[in-house]
Amino acid sequence: MAADIFSKFKKDMEVKFAQEFGSNKQTGGDITDKTAKFLRLGPEQDPRKVEMIKAGKEIAEKRGIAFYNPMMHSGAPLGQRAITPYTISGTDIVCEPDDLHYVNNAAMQQMWDDIRRTCIVGLDMAHETLEKRLGKEVTPETINHYLEVLNHAMPGAAVVQEMMVETHPALVDDCYVKVFTGDDALADEIDKQFLIDINKEFSEEQAAQIKASIGKTSWQAIHIPTIVSRTTDGAQTSRWAAMQIGMSFISAYAMCAGEAAVADLSFAAKHAALVSMGEMLPARRARGPNEPGGLSFGHLSDIVQTSRVSEDPAKIALEVVGAGCMLYDQIWLGSYMSGGVGFTQYATAAYTDDILDNNTYYDVDYINDKYNGAATVGKDNKVKASLEVVKDIATESTLYGIETYEKFPTALEDHFGGSQRATVLAAAAGVACSLATGNANAGLSGWYLSMYLHKEAWGRLGFFGFDLQDQCGATNVLSYQGDEGLPDELRGPNYPNYAMNVGHQGGYAGIAQAAHSGRGDAFTVNPLLKVCFADDLLPFNFAEPRREFGRGAIREFVPAGERSLVIPAK
């Protein structure tokens, strides 16, 4: 496998630096060359830039105020260096750099939309209220009827109340509710259109793990309309869902809208039986639940679905790294906390051109050779986490990565920033340590050691302050203080020290995933999230985040939440 990935990495470098793209005149040369000319061809060398310049001029003329002009670049035109394409790692998709900015990429937007607009609400508490307080009978037939009512109401349609305005179905066609349960007997009675079938979506072993964790409980996987969460925020998801749940119970079970039991149903839907994707942030970051800063690394690992369709533990982790770098670096830190150009190329370093993949699969072979197959799927084959093991694997990984950059200067040109290289080197080391030990905090130790080795070798990591969290991170891997020493799976973008800067959080998420994909676990932290997103009806395919980003870049991805129906045709 490592040899195949190495060949693909070299092919990606050739596509990027030895073949002409647009009119950048990159034909010829070798990917190991140490020198090359900057031809200073300007932005017109790139097809997308030409399109953007044309659009910018037309818009400026139409609105009468200056707009996009790449000549406003510190007195020198954009495009002094060659503008080169990216290959999406793990795929053959080649795309324009600009098309990996999330504003230009509908798939990236939809990935976050699909997370933000989702919540999980338990059914059992509501059913107990109906049975014990109201004397209602709850059967598979009544549950199916309730779900039919709910799928009418959840997009914003009326029940119970007459003469209420409603949302147009064509604007909210991505909104629906399904249920799942660990009770096979109940699942058999649920109308299949409403069921996420654990036995169908997961392997036999994974399904057994998940059902053992969920037990006989039943849950609703709720996806409110994309257009709603875009207009409001992530905190609206549970409120929108709870309102429609309450009205649907009233309608389906012939309740009186004003009776006291409605308050219990509402409390269950809004609080007691609610599982949000992300936690509320403190006031200084002022974000409610279901916003990126509150999405833990373990939750993201469970949202990504690669573990359902692949038995390759390294690939499973790399897909989470890609998803995490896009969400945490490009959208969270790059816009929520910063803005504008954002931090796109911190993230692309981890999911393009197979540079991280090449390093990781080298590590897999190294671990399997030295530690008797410890990087293959299994629980009994793991090497015990220790400082010596972490030092060995992380050092080997980092030195290989550094040597690759030095042997292939094109990889250095690709990852032109020190912080990009630091992210990739440390992510490979951390994922490798996690795979070998089945211990995510050992993976964190590998990440931090990689940073120290990198700085020792090359004298610096990234921009000033990039390595703040890395300089103090090792001391907190096993701290007794809960806010410092959390397992990696429970940490997130708002964990102390992690909120400082880019180029880290996606790697931490991949490290969390690697510990569990290496063990063959069906989920990382929460089986409810793993099942909730095991659903082909979602617009974004969470089994292949990187490929979806590529489809968005080449304009093949079809998003939800569009307003074409209610605006003039162009």
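In case you wondered, yes, glycine gets a Cβ from its N, Cα and C as well.
ARG239 is the residue from ARG230, ARG239 that Swiss-Prot records in the coenzyme B site together with LYS270, HIS271, ARG284. Between the listed residues ARG40, ARG285, ARG519, Swiss-Prot assigns 5-methylarginine to ARG285, with no corresponding entry for the rest in that record.
When ASP12, ASP92, ASP113, ASP470 are looked up in Swiss-Prot, the one carrying the note (Z)-2,3-didehydroaspartate is ASP470; the rest have no such note there, which does not rule it out for them. The number of other CB atoms found within 10 A of the CB of PHE464 (coenzyme M binding site), across every protein chain shown, is 8. Of the recorded residues, TYR346 (coenzyme M binding site) and CYS472 (S-methylcysteine) place their C-alpha atoms 21 Å from one another. Cα distances from PHE464 (coenzyme M binding site) to the recorded positions GLN161, ARG239, LYS270, HIS271, ASP470 are smallest for ASP470.
Comparing local CB density within 10 A for the binding-site residues ARG239, HIS271, the maximum falls on ARG239.
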